[in-house]
Amino acid sequence: MSTNVSSRAEKNNLVGVEFLLELPKTLSKTNKKWQLAFIKIYCSRTLLNCAKHTIGKPGLFPRSLSYTAIDLDHPQEDHHKDFEIDQETLNDLVKNKNQEKLQSLGGSNGLVSALKTNTRLGINEEADEIQLRRSAFGSNTYTRPPSKSLIHFVIEAFKDLTILILLGCATLSLGFGIKEHGLKEGWYDGGSIFVAVFLVVAVSAVSNFRQNRQFDKLSKVSSNIKIDVVRNGRRQEISIFDIVVGDIICLNIGDQVPADGVFVEGHSLHVDESSMTGESDHVEVNLNGNTFLFSGTKVADGFGKMVVTSVGMNTAWGQMMSHISRDTNEQTPLQTRLDKLTSSIGKVGLLVAFLVLLVLLIRYFTGSTKDESGKREYNGKNTKSDEIVNAVVEMVAAAVTIIVVAIPEGLPLAVTLTLAYSMKRMMKDQAMVRKLSACETMGSATTICTDKTGTLTLNQMKVTDSWFGLESGKASTLSRKVVELFHQGVAMNTTGSVFKAKGSSSSEYEFSGSPTEKAILSWAVEELKMDMEEVNREHDVVHVEAFNSEKKRSGVLMKKKGENNNNVVHWKGAAEKILAMCSTYYDGSGTVKEIQYDDQIQFEQIIQSMAAKSLRCIAFAYSEDNDGERKKLKEEKLSLLGIVGIKDPCRPGVKKAVEDCQFAGVNIKMITGDNIFTARAIAVECGILTPGDETNEDAVLEGETFRSYTQQERLEKVERIKVMARSSPFDKLLMVKCLKELGHVVAVTGDGTNDAPALKEADIGLSMGIQGTEVAKESSDIVILDDNFASVATVLKWGRCVYNNIQKFIQFQLTVNVAALVINFVAAVSAGEVPLTAVQLLWVNLIMDTLGALALATEKPTNDLMKNKPVGRTAPLITNVMWRNLLAQAFYQISVLLVLQFRGRSIFDVTERVKNTLIFNTFVLCQVFNEFNARSLEKKNVFKGLHKNRLFVGIIVVTVVLQVVMVEFLKRFADTERLNWGQWGVCLAIAAASWPIGWLVKSVPVPEKHFFSYLKWKKRS
């Protein structure tokens, strides 16, 4: 009996366990965890109970115990079962444009239902819902190729010609040194060159590796596009990475399609698929034909909504991007010019080295070279062959040393450091650099063509004035008929939306769309008491003509639900464009009147008076007649409903930024789609138009006028134009081409899709980070993250800083090279030996220049940079001012060091090694003091702002400390002797004289025309 009871209990327990393990799929994550915890407790008790009944007597265990294994771990859930469609079907649907499959699912609406979403409300934005969709269909991210490792950059650094020459020199020096002095002491020169090469490779590789990492970070930032989605019935902006399958995406002109999907509603939607297919023709997307949209493509025209079907690596774009790594080996124009400069200096070094070797060989074999005791070193047949070989090896080593000093290793490093540093700092100043070359090119800009809206103004628009008929008035005075027509015209002819949370008060509305759309919607809801949801419920859209920057208007053909023949056309857009389409107007009482000639003049005056107050004028018109054509909206004999004036205040600080640019010699031109009166008012407010421009009849004109000029007329007038109103993107492109033809370096700001050609044509394309479309951003070189013109002025300052820092370093580097070359050449020719050894020269040329590059390349921009004229396109890299400073310091150093070379022993009564150490120490300290002079090319006060640049001060301290170590502690390695306090004092006094010399030299005026241009002129004559 007990056995039956126990077996029944066991059976009941197992049935209970099996029942518990079948978890309902509707449970939330938290409840599932509680359920699993309960199962584990219940199961453990059940197993113990089973064990008690199986083991009858304690201490007696049966040979084989029958048992039932229960897996307590919950099996991996298949989240696809939560939806009526799986990922494989979705992939096949879009990638193969499988229209039959879509129809079998019930079309777009059936697909939306299968994905448990809603065209109007979107998905639920709760975290559990989003996570469920990510688990089922994946996230909208793709795996990138692994970043290049540090080893890759080390190998790249060893491929550099300079490094290869140095390695060759090191090998020769090592071989000759061991041959002459034996292994114990002969490895010093060659070994130290190897150490120096290792240092430059390490610094270069680490610098490039860090720059690559910085590019990766920038790439992530630039990829983080903001997308409009509908969730819980609310239109909101989210990151492209947060999109999930089932999301309803709102698409407008210029947007990038963020994932694969299917079109669900919209009008006139045309997509540029060239990034995927290579075809330049735009593809129309609608419910009747092609309904499929691909990730990575761009919206060329129209607007619409799509439901996301595939994200991340499940899209063709994701798979393609996972195999593309961003190329960071871009050579900027300045780097190309510096490569040529380095090559030229290297050739000079080779020539000098060859001449030195030739002179030394001639001196030796003619018996002119004597040893320390005054005897001739070469005595014909009496000289042993070993002595001849050793002498020749020493001469070759001297020539190798000269080649080493001639190659300016610090230059490429200085450019890399400067560009990397400026990119990082510009990011903090609201400018994201997409192309390295833009950093330096911006410093040469002579003209900036800027947009008005959002760049010069705040882009915070509000309706501040309204005219109904020929009278200014409030919406409360309007007749019901006019109010109803406004409701239709605003609610149905918009790409924006209104969201009101359920149960909230009437004041809590959320408006989305462009700033102009938001301003009009806000005015209609608050002033005209428009209920957008109700208007949309009662009407159907038949056809839409989307707004673009050429037409400057948008229209909708609509009808009331249930009324098939009663179509109504509504237009809104630039006031003068809409007015030209109207033959009648509504007054405030709702009476329709003909527009007479006098009325036309009055309406034009109303528009002008509003524009003079810096208001953007938008007019509304409608007609009940459509001539029976569905695809063509009526464009004449319309009725004007009213005109509203939208205020967009100027940004604070924009006037100062414009003045700073003008003071810096950069011309500012405003190119806007607004009418000529609004454009003029804003230009005056921003300081683009000055009182002096009143006499210039070409200062303000319309795009159409500029377009109608001949090419010759355009070239004659373009420099005098300050404002171009009612311009199209083609007019902007035309202006850029004309300015470039005249030799200007042109920067252009743009935010629209149609601005892309002008952004690409310009020397520097500046797109807007907030209002800019993805097409505009991809066509630009720099993205202005806050859309502020003041940031454009900051970018200009940074561009000049980059150029200026590199010029400072070139001046510093060439002073070192010229002085060292001349000293070694003169000493080799006259005395048959070189005072500065290979190790010492490499220390000066490499270690100091690396530190020098770091010190001078990281100087921050100052306001003084904006007092200079732009350098333009053809300005030489080494200016007359630089030649003056460079040659003066080099001449001083050469004079002093040659005196030490030939009279040093007698003046200081020291040995040859101490004399050579004095020369070396003085030479290095001269460079340390000259580094201060290099901080400013023209300013006499080189200490200004020094306390702010802690890095510079730190590097100077480190350099001096390392020099002390070289002289006092690394005697054998650096071939030096210890110096006493008096000798250190002499070295410091000679080096410190560089400061007064630098101060005096900067008082010497130099001609603006470059020195070499005189040589060319003489050659021609």
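Just so it is clear, glycine is given a Cβ too, placed from its N, Cα and C backbone atoms.
Positions annotated as domain 'Cation-transporting P-type ATPase N-terminal' by TrEMBL: 101-178. Marked as transmembrane segment by TrEMBL: 161-178, 190-209, 348-366, 395-421, 814-832, 838-857, 951-969, 981-1001. The annotation coiled coil is assigned in TrEMBL to 518-545.
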Composition by DSSP (helix, strand, coil) of residues within the domain 'Cation-transporting P-type ATPase N-terminal' (101-178): 50 helix, 1 strand, 27 coil
Spatial neighbours of the transmembrane segment (951-969) far in sequence, C-beta under 8 Å, 6+ residues away: 843, 847-848, 851-852, 854-856, 858-859, 917, 920-921, 924-925, 928, 931, 935, 976, 978-979
Touch test for the transmembrane segment (348-366) and the transmembrane segment (190-209), at least 3 Cβ pairs under 8 Å: no
Considering the transmembrane segment (190-209), which listed stretch of 161-178, 395-421, 814-832, 981-1001 counts the most C-beta pairs under 8 Å: 161-178
For the domain 'Cation-transporting P-type ATPase N-terminal' (101-178), mean pLDDT (0 to 100): 84
